[in-house]
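What TrEMBL says about this protein:
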BINDING   Glu92, Asp111, Leu113  Mg(2+) 1 binding site
BINDING   Asp111, Asp114, Glu274  Mg(2+) 2 binding site
BINDING   Asp114, Gly115, Ser116, Ser117, Asn202  substrate binding site
DOMAIN    26-187  domain 'Fructose-1-6-bisphosphatase class I N-terminal'
DOMAIN    192-325  domain 'Fructose-1-6-bisphosphatase class 1 C-terminal'
Amino acid sequence: MGHNRDDPNPEDPMLAIDPALIPEHLRPVIEAMCRTGAELSRVIAKGPLAGKLGAGVGENSDGDQQKALDVMADEMFEAALRGTGVRYYASEEQETVLTLDPEGGYALATDPLDGSSNIDVNVTIGTIFSVFAAAESAEASFLRPASDQIAAGYIAYGPQTLLAVTFGAGTMLFVLDPDSGSFVLSEDRMALPEAAKEFSINASNRRHWTAPVRAYVEECEAGREGAKGKDMNFRWVGSLVAETHRILTRGGTFLYPADARPSYGNGRLRMVYEVAPMAFLVEQAGGKATDGTRPILSLTAEELHERRPFVFGSAEEVDRIAELHG
Ligand code: FBP
């Protein structure tokens with residue numbers, strides 16, 4: 001890094017983010033996430049020139065296929081977070097929690113590479129992370145109310161590399177300047193529009209949906225002739241990070257509900273390192289996030305890799321979905 005972490009200098013061109021914008025105690029953690037995100041974005045930009053990034057290399061603890069880039073990203077974040085004050089490191093790609101620094105004050109959970117089916121097709125993918133104050137054990141650090149998060153963020157690797165991050169006082173947006181290698185603030189308070197014109201759900205699962213989910217999608221499809229009285233557009237990228245960024249920017253709703261497929265009784269997305277951090281970011285931008293009815297931030301994970309139905313976006317729509325469930 002070439003700079004002293006105890007005395008960060010905002011002018012230092014080696015810093016990946018302006019430390020003045022980050023709570024002091026979390027600076028080394030966020031700096032490591034940014035530096036590694038910038039490195040990863042260079043690998044991703046090379047695509048096939050960097051090797052077979054989308055090649056299957058094994059399975060994670062839950063039987064999901066791991067791609068080469070999933071494993072590479074996990075190794076990079078784990079290595080970068082050593083010495084930053086992170087005591088416990090939990091990753092989608094690792095079955096158990098690692099102790100990085102027994103003296104550290106934080107527990108960080110991450111999906112190091114989200115949207116891996118999009119690696120080979122040059123569509124936005126990302127990194128998601130959630131930070132808690134470390135508790136007396138790894139379990140106690142992560143299996144607690146989602147409202148205990150002290151920070152959450154995503155890095156989106158798309159046409160631009162972006163960081164959205166919250167420390168509980170709004171959601172900030174940074175853009176990676178490829179010339180300087182630093183994340184530069186572009187919005188100090190993202191504001192998720194209250195009303196939506198777009199909805200997102202994997203429609204190929206329609207036959208497996210519950211009645212309330214089907215009813216909501218039918219309302220959206222009915223457009224101005226239906227109960228909504230307005231036309232709605234449909235979008236599905238297949239990368240939670242890309243979907244969240246679009247919705248934070250121009251509103252909309254996202255649903256990955258429970259459905260009738262075997263092993264989809266709680267949807268697909270993981271509570272600790274996908275659902276909870278996105279819920280924190282969305283709520284800090286003025287949106288809502290539920291499991292269909294209950295606010296995600298009021299829920300507590302019981303297992304590290306558990307799944308949770310996830311609905312988020314513009315407040316009006318998320319309320320309507322809860323009403324249909326009621
Ligand atoms: P990964 O972490 O394995 O990439 O899975 C998560 C995810 O890709 C989300 O980013 C996305 O919203 C969802 O799965 C897509 O699921 P589906 O392929 O069922 O539409």
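The backbone N, Cα and C atoms fix where each Cβ goes, glycine too.
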- prompt: According to DSSP, how is the domain 'Fructose-1-6-bisphosphatase class 1 C-terminal' (192-325) divided among helix, strand and coil residues?
  reply: 60 helix, 22 strand, 52 coil
- request: Please report the DSSP secondary structure of Glu92 (Mg(2+) 1 binding site), reduced to three states.
  value: coil
- prompt: Where ligand 1 binds, which of the binding-site residues Asp111, Leu113, Asp114, Ser116 are close by, with Cβ under 6 Å?
  reply: Asp111, Asp114, Ser116
- line: Excluding Asp111, Asp114, Glu274 themselves, the Mg(2+) 2 site's Cβ centre has within 8 Å the residues Glu92, Thr110, Gly115, Gly126, Thr127, Ile128, Leu240, Val241, Leu269, Arg270, Tyr273
Query: If you count Cβ atoms within 10 Å of each one, which of the binding-site residues Ser116, Ser117, Asn202 comes out on top?
result: Ser116
Task: Select the closest residue to Glu92 (Mg(2+) 1 binding site) from the following binding-site residues, measuring between CA atoms: Gly115, Ser116, Ser117, Glu274.
output: Glu274
- prompt: Excluding Asp114, Gly115, Ser116, Ser117, Asn202 themselves, which residues in that chain have a Cβ inside 8 Å of the centre of the Cβ atoms defining the substrate site?
  reply: Asn118, Ile125, Gly238, Ser239, Leu240
Query: Between Asn202 (substrate binding site) and Asp114 (Mg(2+) 2 binding site), how far is it from one CA atom to the other, in Å?
result: 16
Statement: Cα of Glu274 (Mg(2+) 2 binding site) to Cα of Gly115 (substrate binding site), in Å and rounded, measures 11
- prompt: Taking every residue in the domain 'Fructose-1-6-bisphosphatase class 1 C-terminal' (192-325), what is their average pLDDT?
  reply: 97
